[in-house]
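The feature ATP binding site is assigned by TrEMBL to A:6, A:7, A:8, A:9, A:172, A:173, A:178, A:183. The substrate binding site annotation in TrEMBL covers A:46, A:73. Here TrEMBL flags A:262-336, A:342-402 as domain 'ACT'.
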């Protein structure tokens, strides 16, 4: 068997944790399996490097930022290889140049294109544990690139895909995917299995276990993921195409407090306005989530949408600059809101799910601000002060608890 | 003109120093010159990385140590590029993979074999300042290697050679090569020029300004070196094949307190003994300096030699292990000694230099422990407590002072 194991920054944050990870990987190796390990930068290393960069140049070129960032993972993998050698097991660390980890040419947020597996196969054939830098790649200019948030998960999935691994285990500080954030919903239940699509909708709805790009890639290449704890041996959650257990109507509920609502009021009711608005935003790398358009008065309409809280100032300034082009009369913003989503592949064939969700919120006395639905997800905006109460209400309504 | 500038770790030790170096390079660039900058790791970075490694595995594989060490220079060059951008000048950082810096396959102390100049030329043609990681290379296995002590100097000289640079400036914390260490000999004089051979003999005699491998390479490829201060604009010392000023008899005097003397007593007076002894040492990477063999009694002889103080324990244990093979009766060691050398291309054609040196030491009441000479160098061993006095006596005797 070939197993890919990915450990995040906190899992390799200090000497003890490094040895803990080394021992877990060696256990797998000693069963006779081939083991490929993907690591992030240790603990706060990435933050520390970013700070150094900002101190020298707050507008540092992204190309040089990537050159700087990649030292974080290189440090992790070298130290991990040393730890495994200390435990008497042959291991070798490899970086993006050494495994031809090719990406698109953009910096800071590039996408993986290709991996040359020859070196990895060679080292595995020599019965070495192969330790690979997550998060980084090399573009066509032979420059380092980085994969953006959650990039190491994507590295692990890509490696599992090209190596035809038998399993891809993502180790985190939680022990699996829960029906809701257990810090808020005390009776939340760990899921044994979840589909890629459900996981994707949960990820975009604020459940931070896996980054959605890695789930997309796992779905595309049929890589079965296991989300497990790096601290204990509990079984974790399997993410795959079809779940084998009897399907629940709803798999989970998620809360995203970092959403903010922008409303562009009084734009002309003519073709092309929405295009101009959202094209401006996407050109500036602003991710827009829920979009809602309502007819206003006097032949005008209002467009509302949600963005990440951090992007609010930029969005407002962009709209103000383009006010004439998009014929906006006024822009308003609401920061103290939260997004509540329920996700479940089962809802496709079950009408009445939305109604049940709205009923549970009504019973809890919570006002719904905006509604958006996809095939397997229903999202509502509520006031931030109602957020936890709303999450618990939905979680209870669908019997997700233990 | 194409200028290669090399700055050591203390020159880029913090933000202010990084900007100081950036400004000096930009000055050169704004004269219309092409500028290639070679950097070491910042300040204590290398020591810190080594500490981390030792903490995890005191016997870490050299291959992984090199993988770890190389992050030091990569951090320096990325931050330097950011600083230059902050000052409005286009700059780009490049590591060993990006410029095909090929070395021999051994780790920790490899030698440069080849550099692919295409990328560097391309960036210079685009009027960028090119900032390159010193000290590191890539071997035929596509693994990182490091060049050993003083490695960044060698990187700079090699780049100057392959790029046919018009000058190669080595910036240090001293402002040139002196007739003796100015911290000991207060009236020591800065040399305007010195030959490669003299510089080599000074380097191996304990004058730490340049590493001898970089001087050897400069001599081999005819690269004119300038040793300058990174803190001020004074002219520095030019190192080249032939000096143009009227030749002094002696160029400088050097002191090496890190020497230790080993004596192997009572070995058989038969062929092959010296070979067996020094072959054992060289196989274990021990550098032997002065060697002296004297006839003992009863058909035996004594062999004495000097090694670096740090190697003493290893040398003694190696000899003890091979005692029978090398027919040694006893091994003794003297640690509290120092090496005093005078160096000068002029002494080839001037008899009496040695006599004058011995006279000056005699007049100062200093006992000579061992003597060794080369064409342009005379070295004596003295007691460590006499070291400074001996250096000053020699320096004065040859009129080296201001």
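Glycine is no exception: its Cβ is also placed from the backbone N, Cα and C atoms.
Projection of TrEMBL feature records onto the structure.
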residue: A:6; record: ATP binding site; Cβ neighbours (10 Å): 29
residue: A:7; record: ATP binding site; Cβ neighbours (10 Å): 28
residue: A:8; record: ATP binding site; Cβ neighbours (10 Å): 21
residue: A:9; record: ATP binding site; Cβ neighbours (10 Å): 23
residue: A:46; record: substrate binding site; Cβ neighbours (10 Å): 19
residue: A:73; record: substrate binding site; Cβ neighbours (10 Å): 32
residue: A:172; record: ATP binding site; Cβ neighbours (10 Å): 22
residue: A:173; record: ATP binding site; Cβ neighbours (10 Å): 12
residue: A:178; record: ATP binding site; Cβ neighbours (10 Å): 23
residue: A:183; record: ATP binding site; Cβ neighbours (10 Å): 10
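Here the binding residues for ATP are A:6, A:7, A:8, A:9, A:172, A:173, A:178, A:183. Their largest Cα to Cα distance works out to 24 Å. DSSP assigns residue A:7 (ATP binding site) to a strand. According to DSSP, residue A:73 (substrate binding site) is assigned to a helical segment. You'll find the Cα of residue A:173 (ATP binding site) roughly 19 Å from the Cα of residue A:73 (substrate binding site).
Residue pair residue A:178 (ATP binding site) / residue A:46 (substrate binding site) shows a Cα separation of 28 Å. For the pair residue A:6 (ATP binding site) and residue A:73 (substrate binding site), the C-alpha distance works out to 12 angstrom. According to its DSSP assignment, residue A:178 (ATP binding site) is in a strand.
Cα spacing between residue A:183 (ATP binding site) and residue A:46 (substrate binding site): 26 Å, rounded to the nearest whole number. Between the C-alpha atoms of residue A:8 (ATP binding site) and residue A:46 (substrate binding site), the distance comes to 12 Å. When pLDDT values are averaged over the domain 'ACT' (A:342-402), the model yields 87.
Here residue A:9 (ATP binding site) is positioned 9 angstrom away from residue A:46 (substrate binding site), judged by their C-alpha atoms. For residue A:73 (substrate binding site), the binding-site residues whose C-alpha atoms fall inside a 10 Å radius of its own C-alpha are A:9, out of A:7, A:9, A:172.
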